[in-house]
Every structure is written in C-alpha cells, then in structure tokens.
Amino acid sequence: MEERPESELISIPATPEILTPSGQRSPRPPSKEAKSWTPTSFISPRFLSPIGTPMKRVLVNMKGYLEEVGHLTKLNPQDAWLPITESRNGNAHYAAFHNLNAGVGFQALLLPVAFAFLGWSWGILSLTIAYIWQMYTLWILVQLHEAVPGKRYNRYVELAQAAFGGQTRERLGLWLAVFPTVYLSAGTATALILIGGETMKLFFQIVCGPTCTSNPLTTVEWYLVFTTLCIVLSQLPNLNSIAGLSLIGAITAITYSTMVWVLSVSQQRPPTISYEPLSLPSSTASLFSVLNALGIVAFAFRGHNLVLEIQSTMPSTFKHPAHVPMWKGAKVAYFFIAMCLFPVAIGGFWAYGNLMPSGGILNALYGFHSHDISRGLLAMTFLLVVFSCLSSFQIYSMPVFDSFEASYTSRTNRPCSIWVRSGFRVFYGFVNFFIGVALPFLSSLAGLLGGITLPVTFAYPCFMWILIKKPTKYSFNWYFNWILGWLGIAFSLAFTIGGIWSMVNSGLKLKFFKPS
C-alpha cells in the first residue's frame, strides 16, 4: 500500500496542563474538538517514536487501510457468492439506470384509466401526492441501508426482518415483507411476459399488414418466444452486470412513454369525448371505482423493493458512504420518471377522456388511430415496449435469483456453479410462463395488485424508520411517520377491496389456461 505523508495523520490534540491552587498539575478538560473520534484518530505523531520507523510505517499503512475500508462492516462470506452482492463496483450512474428501469414500465400506461374515474382535479392531486410520498419513503430506504453501525441491509426483506422482527419475533418481519416483495418480483415478471408476448403479437400484425398471408403464431406461442428471450438475457451473472440492460430499458421506456402521449395528443380527439368522471348506477359503485382507480395510481410507483438491492452493489467507506451516490442516482431517475408518468396520465386523458379503454393508452392509440398514424411509428412504439419489458424482467427477477442461490449456498456451503445458476433461471422463467398461461388475466388487475403491494412503497419504510432510528417519542418526526405508515396500511386495505369489487362488477372473465 502506498505510504501516506505524516502530515495527513489525524490526531487528538494534546491535553494541556494547568496548576491547581495546591501547586499540583491538573489536566485541563478536553476541548470539543478532542471529543470527536474516528477509527484513525488514535494514530498520532506523538506515538510515532523515532526509534520505531518500521512501526511508524505500519501505523501509517493501517490508517490508509482504515480510511479505505471505512465502516468495518461485518462481511458475510456468502454475499460474495450471491448475484445481488457479488459485485460491489456500482456508482451513481448504475443507480440511475436501475431505478429508471424499475420505475418506468407498463403500469404508467394505465394511469389515464385512473383519470377516467377520478377526473382532472382528483387525478392530478392523487398522482402528485403519491409521487411526493414515495420520494420520501425512497429517501428513508436509502438512509436505512447502513443505519446500524457495522451492518449493511442488502435486501428489503433483511431490513424488514431487522425492524419488525427483533429478538422475540424473528419471523414476523420476514412474513410481513415476503408476500408483497415476492409478488412485486415474481408477479411483475409474469405480467411482463403477458404484456411482452401480446405486444410482440401486435408488432407482428402491424409489420405484416392487413394483407399478410403468413401463418401467425398463437398468443401462447408469443408468450413462449418472449420467455425464451428473457431466459437468454437472464444468464448475466449479477445485478451490476445488467447495468447496460437497465440503461437500454430506461431509454426505451422514456422513448415509448413520450411517443405514446405525443402521438395521442397530436391526433384529432374522438367527437364524443367527455372529461366527466365515469358515472355509475350507485354511490357505492362509484366509491369502489374511485378506490380501484387510486390503486392504479399506487401501482404506478414500483421499484422500492429493489432500492436496497441496488444500493448494496456500491462500495461504502467512511469517506464515501454508499447513500451519497445512491441518492444522486435516484434523484435523477425519479425526475425522469415524473417526466414520463405525468405527461402520459394528463396527455392520455386529454386525448381520450373517459373513452379510455381498460387496457390503457397503448390500446387506445391502436384502437382509435391505427389508420391515422404510419405503420412505421406504431411498429417502433410497440417494439420499444418489448425491449423495455425484456429489460425490466431482468431487474425484477434478480431478487428471486438471489433467494434461490442463497438457499443453495447455505445448504452446500459453496457457490453455485454456472450450470446450477443457469438451471435455476431457466426453471424460474418457465414457471412464470406457466403461471402466465394459467392466469392470462393477471395483467388486468392493476388496481387490486396496487392495493396489495402498496405497503412496500408507502407504509413499511415509515414504520422501519421509527423502529430503527427511534426518533424522540411524541416528536413531529415520530407522529409524522406513524401517521403516514397507518395511512398507507388503510389505503392498502381500501384499494384492495376496491380492486376486488371492480373485478367482480366489470364481469372480468377468469379464463384459466385460455389466453385470448
């Protein structure tokens, strides 16, 4: 290690001495500067005797090592074998790519559907409040990653287990977090297979044209094609290795989101358009429809279950803690996420009003303007959606891959071979394909799924802040986080009920094993 000059050594100032009235020497109380301590503050020039030049060199090198290693985190050797923590060379750019890829996706295209039930005022207000709320909980998660000295919470479930479980309820935190986070990972992957396969089918129809004589693939076959592509890309070993894919996913998501609303507002609006919220026969029906719409808004903000995983890919020292580049990257990412969500919601509702189909703005664009817009532009839009879904599948599947491999390495006490790792990922891909074929209506349940998974984004972080940071009881911080947390739980229950009611009321046909 390179030798550092002695002038850089950090030392505790010498304690001056004064005479007491009895003539004895008495040490003066230490100054405020002397009270601060760092792991290198004990290395002082006063201790570097001229006799011990080799010792001096050892101490200087130790100081440099401590400054580089920093937090003296207790490292788990198993982390070096797992895909989330295998590589720790991430940075703010990687954080921005991953957060953008996770935060912008097909759920944004459903926001105009929520506006059709909420109207202009409540739609914009609910979207704005949800955005600010989730930015606050995002900041909480970034800060809690290393809230306990000597410990990095590398996964959302680990943080939940530490906050909610404690010593007497070890499994409580695990069960509170496992179901919503597993759905956000595996359930989103299944929905991406459904949307990606259906979009590939539409892309083929547009490119082939109305006079196409070729024998097209069935919907299930398109699902299989998309799943195969996902499995091939999933062979990249760890989270940092898919940073390039996340960049492609982020660029394609921003591009198709912009193209969809620009193409929509540039066309002539339907003559029967109306901006009044959809009227329903009873006040009860209207209430549940509004709750379902708010669930769609909540579902638009996803990705918090991946925040700690993304941050764990970064190195962290005393001089350069991981939360600094993570927060920089997250702020950039969520600026662009806002630039996607708000124009899609507002532009889509302006273009189609309450005529918006339940499938979202992409279906509206194809249904109302497939003959008005060039086939090339439509085909490019659908192709960008496919690329975005392929990239999103990788980052949402990574926590599941990590869980598979953690179970294997804990049992065998050795890292996964390339064949075992590939086998896990092929198995996972086809399990999601089978679920997608069995439950082809899964992507239509945005309101219900938004209610079920809402606590991960809006409620749990507030509770975890209180339980880990322990703010002063009855202080503003204490009240604020308790209120936000319980509001999130209440909204989750209400939106889930609204989603179930909307599913029953709309007569959703649950055609198992019958993709349309």
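Placed from the backbone N, Cα and C atoms, the Cβ positions cover glycine too.
Note that this is a predicted model, so its numbers are computed, not measured.
The domain 'Amino acid transporter transmembrane' feature in TrEMBL is assigned to 89-504.
Marked as region 'Disordered' by TrEMBL: 1-38.
Taken from TrEMBL, the feature transmembrane segment covers 109-133 (among others).
The feature transmembrane segment is assigned by TrEMBL to 174-195 (among others). Beyond its flanks by at least six residues, the transmembrane segment (174-195) meets 105-106, 156-157, 160-161, 164-165, 223, 226-227, 230, 302, 305, 385, 389, 392-393, 396-397, 399-400, 432-433, 435-436, 439-440, 442-443, 449, 452-453, 455-456, 460, 515 of its own chain at Cβ-Cβ distances under 8 Å.
Residues of the same chain lying 6 or more positions beyond the ends of the transmembrane segment (242-263) and with a Cβ under 8 Å from any Cβ of it are 90, 93-94, 96-98, 100-101, 104-105, 108-109, 233, 236, 333, 336, 339-340, 343-344, 347-348, 351, 361-362, 365, 369, 373, 377, 380-381, 384-385, 387-388, 390-392, 394-395, 398. Look at TrEMBL and you will find 242-263 (among others) tagged as transmembrane segment.
Residues annotated as transmembrane segment in TrEMBL: 283-301 (among others).
As annotated by TrEMBL, transmembrane segment applies to 332-353 (among others). Sequence-distant contacts of the transmembrane segment (332-353) (same chain, at least 6 residues past either end, Cβ-Cβ under 8 Å): 92, 95-100, 103-104, 108-109, 111-112, 114-116, 120, 123-124, 127, 131, 135, 138, 250, 253-254, 257-258, 260-262, 264-265, 267, 269-270, 273-275, 300, 360-361, 364, 368.
As annotated by TrEMBL, transmembrane segment applies to 373-397 (among others).
Non-local neighbours of the transmembrane segment (418-439) in the same chain are 186, 189-191, 193-194, 197, 220, 223-224, 227-228, 230-231, 234-235, 237, 397, 400-401, 404-405, 408, 512-513, 515; each lies 6+ residues outside the stretch with a CB under 8 Å from one of its CB atoms. Among the features that TrEMBL reports, transmembrane segment is placed at 418-439 (among others).
Taken from TrEMBL, the feature transmembrane segment covers 445-467 (among others).
The transmembrane segment feature in TrEMBL is assigned to 479-504 (among others).
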